[in-house]
Structure formats: structure tokens, C-alpha cells
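Asks: Take a look at the following structure, please.
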Amino acid sequence: MPELPEVEVTRQGIAPHLVEQTVVDLVIRNASLRWPVPELAKQIIGQTIRQVRRRAKYLLIDTDAGTSIVHLGMSGSLRILPHDTPVEKHDHIDLVLANGRILRFNDPRRFGAWLWCQLPEEAHPLLEKLGPEPLTDAFNVNQLAAALAGKKKAIKLCLMDNHIVVGVGNIYANEALFAAGIHPEAEAGKIDIERLTVLVAEVKQILAHAIKQGGTTLKDFTNAEGKPGYFAQKLHVYGRGGETCTQCGNLLSEIRLGQRTTVFCGICQTR
């Protein structure tokens, strides 16, 4: 599943091709995505795209009339292509531009979304209760400590809770906890301020580095140019259960936590 770095890499890839371009059509071949594509989505036709933003793992394509809210789901991708590019399987939506280019949405599993919002997007039900962006100053040790106070849940589950901080999915939660030396099952409310300070710094550093490297290469993710990301070459724990720890040589443990695969080092990561 594309996580925050992959979505940000996609935003960076498509934005230069979309901003200040006029939309001449929205071709919907299959409206049966995670939520049905609303007919209102076609209100973007005739509009000029003002900016392309990201909120959590949602891409926001802004016009004066409203905002297209796009989610890549489990396997979705967005590509900038010439308008006459042949349609392939799972090419569900084309945003057609006046300059002869298209933004094509491909989603084999159809867990993605293409919605329309005329309200201030912060008021949309999918966005209104989201926590702070991890790469902004709003995500800091004081905010995290307050959000975790009294919580008995495992820290990894809290780190993946979009009400606490957005965009820290399974891959990067595993990696950040390893880098911070914190056991993923540690009780969130009992982690002291010093360790939380390290954790916040590692979340920011790991996400920023993943964006710089182009996102994580998993079987489904390619960027807006169809190229894979490269961060998977640098993963320390995710997907490496049973292999040796890169720091101490101990075998990495693999468990299920919140129905997600969790990998950690029982020596380097403590409760």
C-alpha cells in the first residue's frame, strides 16, 4: 500500500504537469472504487487547477469550483501521459487537460478513491479528524506526549493512528521504532519524554529520507513516471523477520500486532 512518502512522491511528480492547466474532460470508465465516483466529480471540467496538495495519504487537486480528493488505496497509481495513450486494464479514470496530456488513475484492486469536495476540504468527513502532518512543526514531542498520555495501547498502534499523527503506516512505523530503540509493544503512555523525543526525530528523518529516495519499492508502487522507489533497499526491519539485525546480529522477531506484520529486534528495542 502506498504510504505517505509514496503519495508525496506522486504529488511532486504530477503537480508540475497539472498546476494552471485547464481540465477539458473527466473520463470515468469504472466508478466502482472504494466509494463510487460521484457524478459531481465532473464539476472539475472547465476548471483551472490551482494547486496539488497532500493531506495524510490523500491528494487534493484544487480548483476554484472545488477539490478532487484522490486516494491511491492498496495498489493505485497516477501517471501523466499523452492523451492518445492506449487504455490498459485497470485504467479507471482520465483527467484530460487542454494541453493534450492526461492524468490517468490505475487501480487493480479498486480500493482507491476519486471524490469531489466543494466545502473547505478540512471539513470533509475523511479529513476533518486527521492528526498533524509528521513533517511539520505541529508534530512534536509535546503534542505526541499529550496524545499518548494514559494510553495502554502498544506504541506501534498509536503511531499508526491517524488521529494522533497522519501517514505513519506499517513500513515506516516498524522502521522508526527500530531506529528509536523502542519495542513496538511498549505501552504508549509509559514511554518517557526522552524516548519520545528520539521517536519524533526518527519519524521525521525516516519519512523525509524515503521521500528523497523516491518512496518504497513494493510490488505495486511506481511513481508518476512509472519508475519504482528505492527506499526498500535501506529497510532495517520491515519484511526482514527471521533475518539478522543490522545493528547487533540477533535474529529479528516477527509478530502480528493490530493485524499487521510487525518486525523488531528483541535486543536493540526495549519496552
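Backbone N, Cα and C define each Cβ position, glycine as well.
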Asks: With the ranges 61-95, 236-270 to choose from, which does Swiss-Prot describe as zinc finger?
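Replies: Result: 236-270 is the stretch Swiss-Prot calls zinc finger.
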Asks: Which candidate from R101, R109 does Swiss-Prot annotate alongside H90, K151 at the DNA binding site?
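Replies: Same DNA site in Swiss-Prot: R109.
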Asks: Under 8 Å between C-beta atoms and at least six residues away from its ends: which parts of the chain pack against the zinc finger (236-270)?
Replies: 154, 156-157, 160, 170-171, 174-175, 177-179, 181-186
Asks: Take the Cβ of K57 (active site, proton donor) and count every other Cβ within 10 Å, whichever protein chain it belongs to.
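Replies: For K57 (active site, proton donor), the 10 Å Cβ neighbour count is 21.
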Asks: Would you kindly give the Cα-Cα distance separating R260 (active site, proton donor) and H90 (DNA binding site), rounded to the nearest Å?
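Replies: The separation of the Cα atoms works out to 27 Å.
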Asks: How big is the gap, in Å, between the Cα of E3 (active site, proton donor) and that of R260 (active site, proton donor), rounded to a whole number?
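Replies: Distance between the two Cα atoms comes out at 14 Å.
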